[in-house]
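Here is what TrEMBL records for this protein:
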- 28-49: transmembrane segment (TRANSMEM)
- 42-297: domain 'G-protein coupled receptors family 1 profile' (DOMAIN)
- 61-83: transmembrane segment (TRANSMEM)
- 103-121: transmembrane segment (TRANSMEM)
- 141-159: transmembrane segment (TRANSMEM)
- 205-227: transmembrane segment (TRANSMEM)
- 239-260: transmembrane segment (TRANSMEM)
- 280-299: transmembrane segment (TRANSMEM)
Amino acid sequence: MDRSNETLPVSGFILLGLSAHPKLEKTFFILILLMYLVILLGNGVLILVTILDAHLHTPMYFFLGNLSFLDICYTTSSVPLILDSFLTPRKTISFSGCAVQMFLSFAMGATECVLLSMMAFDRYVAICNPLRYPVVMSKAAYVPMAAGSWAGGITNSIVQTSLAMRLPFCGDNVINHFTCEILAVLKLACADISINVISMGVANVIFLAIPVLFIFVSYVFILTTILRIPSAEGRRKAFSTCSAHLTVVIIFYGTILFMYGKPKSKDPLGADKQDLADKLISLFYGVLTPMLNPIIYSLRNKDVRAALRNLVGQKQ
């Protein structure tokens, strides 16, 4: 029996993307390109104002600058590859290119989860313990907090990517996705993936469940404190300091919940439509939140708007 097809190692992968729907590719190329340019411009400007405006040299805006940089890195790890696949018949990616793309995507995703929880803690201290805020959230505290978020995300990514790419891949090398999404890649492995499943389960608890719980508990205390403020104006001002972050958290985790929590259709006739819908939801998840973050923070934050006006005024 010839087993050459089973033992021949895979040197690269084919990314299906929207290959089954070629008419949609050019439309989505324009749409995703525009969204990517907004991401680069919006987050780039936000990083610039947090660096140049001395009034924004605070823990909250330091975290925000990190979040903007993270969003640029996250989208840049996948969007150029997706745009290229929309325009060219070549849908391949090398084994090493797949590993790099997977590593960056994992690192940025895990880092963002932890960073959002650090931002929630910052808002908790600011509202619930304002007198202690300068001490608790000193530079000696918030810089290591941000650095720890990055270190945790990168470490997790090294572990997950190493475990995935050490697997033998033989035979089928077609990934039914736009990028090297780890679950799609693991389906192609011709070996036991139990250790990968366990590792990702542990990572989901550490980098998803615990940050979500931490954010939830933080906002329970925040809302309780806000409701105790006697004046309506005082409650409005207190809530406005955390409304942008809360909006970003709801969009970020709400999209994840919708993407992975929605029921699968059992109708075989609707399998193709569901497959297309799943791909498009995943595609827009990767660009929608990074695009909305700077818009939300600039529209709902008077300090950022003032810094933008000052920056524009200086240019003129």
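Going from the start of the chain as shown, residues are counted 1 onward.
From the backbone N, Cα and C atoms, a Cβ is placed for every residue, glycine too.
In TrEMBL, annotation is done automatically, which means it is predicted and not curated.
Residues 60, 63-64, 66-67, 70-71, 73-74, 77-78, 142, 145-146, 148-150, 152-154, 156-158, 160-161, 179-182, 203, 207-208, 210-212, 214-215, 218-219, 245, 248-249, 252 of the same chain, all 6+ positions outside the transmembrane segment (103-121), place their C-beta atoms under 8 angstroms from a C-beta of that stretch.
Per-residue pLDDT, averaged across the domain 'G-protein coupled receptors family 1 profile' (42-297), gives 88.
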